[in-house]
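Undergrad: Pasting in a structure now, in structure tokens, and then I'll have a few things to ask.
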Amino acid sequence: LPGVKSAVAGASTVEAVTAYDDATLYNNFYEFGTDKSDPAAYSKQFKPRPWTVQVEGLVKNPRTYGIEDLLKLSAMEERIYRLRCVEGWSMVIPWVGYSVAELIKKVEPLGSAKYVEFVTLADKAQMPGLRSGVLDWPYVEGLRLDEAMHPLTLLAFGMYGEVLPNQNGAPLRLVVPWKYGFKSGKSLVKIRFTDKEPRTAWNVSAPQEYGFYSNVNPDVAHPRWSQASERRIGEGQGLFAKRRKTLMFNGYEPQVGQLYAGMDLRKFF
Amino acid sequence: MQALLTRSWVKPLLFVLCTLPAFWLVGAGLLNQLGANPAEALIRGLGDWTLRFLCLVLLVTPLRHHTGWTVVARWRRMLGLFVFFYASLHLLAYAWLDMGFDLVELLPDIVKRPFITVGMLAWGLLLALAATSFNRAIKAMGARRWQRLHRAVYAVAVLGVLHFFWMRAGKQLFGEVAVYAALLGALLGWRVWWRFRARVPA
């Protein structure tokens, strides 16, 4: 899946890209199991075609898009983003896709639309992890409309120049680089515009640990661990690699800081 | 069976077996065979083995009573010291690989995070037990006081499960926690039952 270099500010970090094997064999995708090796192991039979995405709610032009329409909707760009997991590890991943804003402009949100809800696939026949009761399925994530409209918020169809592997959220997923990884829903089937803050999966499951915003923030600790530093996967001497300092908004503060001007980020964590 | 277990090579063999998980984990870590996040895999692996050895050492007394193999009591001290050994490696790996031996990060972490506090407390108790694990300590303390102190291993079991439970609470993954809670609960429950049973005249 080819993409041209993105012109969006901050969209291409020059840091060393994480090895393809690490990015595709070590990740979370609970629909396939809770272990980091489960997504790759149990998503082999998953069928990302045919695929449709319903866009509905407070918009002028609600519509069901086929994956082929979405692939053609805007020019594919390559974006090299830092990815920071809430668990304290990070990677650098070259994604292929375009800003979600391109899609949002097409459906024209109404003035009353304040939030966007992203619903992901929950198909028991293909996803063995759904048998566990860890989360309320389907997995739902959400953003404020202005966050979703930010040019860095990416609708990704590929990574490392290829179409998305099943375990990384095929055929399309969200990537919000300044938020913890779980905010970026995988295998999207529905995008809904609402006037109320969406009830997101992790927030429903453990509200005191996972806030709606979940912006990467080294100053706001998770109740169980500090978020001040992170382990960059594959960096240095493996076992003895030093952790690096976590950056405010995962290093995207110049681009997204103004979205949160005047907000108490400890309260809205 | 008892005759076989009393052979002179059995205890040294058991000792070697008990060291294997440590060699295997640390070796795999150094050879970069622990996956994408080797530090995490090593820290968690050492924690798992601490719990497993805790189950083993608490199995000694019930096993002796039910099988009559008095020889297993001679392994109890060694197994107990292996609990301390794995707990210490677990703590060392956390302090080194996660915290970089940075006390400015480490000390607040111990105070602020209940699951770390509980883990440290359990390790402190194990340290006290390991430090008084030789014969002269028993003599110096008196057998009764020594035994009372060493009942702290029951508290270590409870704290160990709590530590694991709280760590997993972030992701609500309680399957493995339930297994260790059930095993250790059964081993502690057996002691309550045994004591009660002994008081009732047959």
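Numbers run from 1 along the shown chain.
Positions of Cβ are set from backbone N, Cα and C atoms, glycine also.
Marked as domain 'Ferric oxidoreductase' by TrEMBL: B:47-161. Residues annotated as transmembrane segment in TrEMBL: B:12-31, B:51-72, B:79-97, B:117-137, B:149-167, B:173-194.
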Undergrad: Tally of helix, strand and coil residues over the domain 'Ferric oxidoreductase' (B:47-161) according to DSSP?
TA: 103 helix, 0 strand, 12 coil
Undergrad: Apart from its near flanks, which chain residues at least 6 from the ends of the transmembrane segment (B:117-137) lie with a Cβ under 8 angstroms of it?
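TA: For the transmembrane segment (B:117-137), the list is 77, 80-81, 83-84, 87-88, 91, 110-111, 146, 149-150, 152-153, 155-156, 159-160, 162-163, 166.
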Undergrad: Determine which residues of the chain contact the transmembrane segment (B:12-31) at the Cβ level, with the cut-off under 8 Å and only residues 6 or more beyond its ends counted.
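TA: Apart from its flanks, the transmembrane segment (B:12-31) reaches 38-39, 41-42, 45-46, 49, 53, 75, 78-79, 82, 85-86, 89.
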Undergrad: Could you please provide the mean pLDDT value for the domain 'Ferric oxidoreductase' (B:47-161)?
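TA: A mean pLDDT of 94 is what the model gives the domain 'Ferric oxidoreductase' (B:47-161).
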